[in-house]
Amino acid sequence: MAQCLEAEVSPEMWWFQQGLSFLPVALVVWSAASFVFSYITAIVLHHVDPLVPYISDTGTIPPERCLFGIMLNVSTFLGMATMYVRYKQVSALSPDKPKILRLNKLGLRLGWMSCFGLCIIANFQKCILYYIHVLGACLTFGVGSIYMLVQTILSYLMQPELHSKDIFWARLAVFLWSCSSILSSILCLGSDTKTQQPPQHLHLLELNHHHVPQEALFVSSVVLYSGLYGQNLVQKLHWDPQERGYTPHMISTVSEWSLAFSFLSFFLTYIRDFQKISLQAMVSLQGQTLHESPGSFRAEEQALLVAGSI
């Protein structure tokens, strides 16, 4: 059982030491590092082109694939923890507002679904299980965008009593940023498919090109496959500037990176809110010893497990 408390702020604390603000900070810094480190490793080993490769491409070939997977798994945990704290905070601030409470529960479910998608991306590379990887990307970016929308609506409903208008406008701007990134990737998909001639088969991944546009609604990296049927993995990871569809490809990769960093930017808006919250976890004992049955201990004892910020 977790209880939400108002955090005590000491004037000697750094800004990231106040309350639970370190959680969104850790999520953003760690996730950005997972992208950057895998990118640097892939570039040094000449596995991808230096000029804006797809994020998934930087985690396709070992050893960067291992680094990418481990770091994204940690990001999944940090994301779930951050979303849970946000859920508890909104619940504590608006206990008598059913509409806000319903949206808050919906937001937590959507957020955790998005985190599960990130875990899928981390552990199922596109060159091995492509459709599973795409499913994870749809959950991460598609459901994650809806999570951002729900949190933006909550910020609107909680202003000006509990939220400042600046926070609402900041979250709305980041949400629109993510939507524009998704829209640009879809437009690139249409442009790219018109410039390429689909062959009879795909060498490594037997994909049906009629299904790709449906999957690409939230995943800009699918554009890589929409116009390159019949090429092997190495050719997919390396692009020639003279190749047809290169310009839509570049716009698509930029859109994907933009989409990823719009998500990270959204969690940055949690820092100020999290400076004003701490959690307490309580343990409820059902017996005096571990070998007793729960029914033999009638008087329930409660002890404080963790106090202050966690």
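Glycine is no exception: its Cβ is also placed from the backbone N, Cα and C atoms.
Feature list (source: TrEMBL):
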{"type": "DOMAIN", "residues": "20-277", "note": "domain 'CWH43-like N-terminal'"}
{"type": "TRANSMEM", "residues": "20-47", "note": "transmembrane segment"}
{"type": "TRANSMEM", "residues": "67-85", "note": "transmembrane segment"}
{"type": "TRANSMEM", "residues": "106-124", "note": "transmembrane segment"}
{"type": "TRANSMEM", "residues": "130-156", "note": "transmembrane segment"}
{"type": "TRANSMEM", "residues": "168-187", "note": "transmembrane segment"}
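Ranked by number of Cβ pairs under 8 Å to the transmembrane segment (168-187), the listed stretches 20-47, 106-124, 130-156 are led by 130-156. Model confidence over the domain 'CWH43-like N-terminal' (20-277) stands at 81, taken as the mean pLDDT rounded to a whole number.
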